[in-house]
Amino acid sequence: MPYARILGTGSYLPDTILTNTELAKRVETTDEWIVSRTGIQERRLAAEGQLTSDLAYRAALRAIEAAGIEAASIEMIIVATTTPDMVFPSTAVVVQERLGLAGVPAFDVQAVCAGFMYAFATANAFIRSGQIKRALVIGAETLSRLIDWDDRRTCILFGDGAGAVVLGADEDTGILSTELRADGRYKDILKCDARPSQGVLAGNPFVYMDGQAVFKFAVKALADIAEVTLAKAGKTKADLDWLVPHQANLRIIEATARHLALPMDKVVVTLPNHANTSAASVPLALDAAVRDGRIRRGELLLLEGIGGGFAWGSALLHY
């Protein structure tokens, strides 16, 4: 049975940067207040008319180039997003068309900030089962369009961006284990319950979050799933080289690192400059650390994501 291994990574960030200082001109907040509570210093915003598929496509091109393959060899496209271009069809088919891959299976996965981990595990299962040999997995969001810019509790948190990986079959190593979980009992602590109905938008069109409840849930859930993911692969905390976590809040990241007994210089943190990009955050962070040389071939990585639903997931892999 083949492994699924990361052949290449890629990412894309929109040009517009919104700093905390600039944000403080819109709502009652300060740079110091935001940094002390979240670790975020700035975030990227998609331009007017720039869609999630535009970000996803650019990240995909960079991942394909890094993998050193022809796009035509890709046999599946999965896009994790909460902010699709439209209700339907999927954002994945838009990316598929732009890549010129007619006929290749393409679909979206919606698990909010855990979306990339769900898409990653799905692609891994297809490769492990021998159904395909290569998959393009993308996390892309324009979450800034779901934000109430008058609500300082949420407008400080989110940014736009996309990250992608190409997975390929490998006989020697790759993804060692994955774990996915969800608990709908906590669906109301982080949500955006808007929905189209008879030509109008019903429900609240903006993100709502109970910050303290989310923090409490996330810290325990991420610690627990890390233990399970390591155990499934016969590994321990001491074996880990890197943690690549969802970039939501620095205190959550630090709590996970402490649980894993990892120093922070072995944790990939892009939160200060990216903010929370939801499904894009894990592949964005991974690509940043691969491209700057921190993460090297053969190292053992733990990837983790968690978001509304509640849904969370992880993967242990040799890069």
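Residue 1 is the first one shown; counting continues down the chain.
Cβ atoms are placed via backbone N, Cα and C, with glycine included.
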Which range, 147-151, 152-156, 247-251, does Swiss-Prot list as region 'ACP-binding'?
247-251
Cys113 (active site) - helix vs strand vs coil (DSSP)
helix
Which residue counts does DSSP give the region 'ACP-binding' (247-251) for helix, strand and coil?
2 helix, 0 strand, 3 coil
So what's the average pLDDT for the region 'ACP-binding' (247-251)?
98
Checking the active-site residues His246, Asn276 for other Cβ atoms within 10 Å of each Cβ, the smallest tally belongs to Asn276
I want to verify one value. Collapsing DSSP to three states, which class is His246 (active site)?
coil
Nonlocal neighbours by CB distance (under 8 Å) for Cys113 (active site), same chain, sequence gap 6 or more:
His246, Ala248, Asn276, Ser278, Ala279, Ser281, Gly305, Ile306, Gly307, Gly308
Going by DSSP, give the three-state secondary structure for Asn276 (active site).
strand
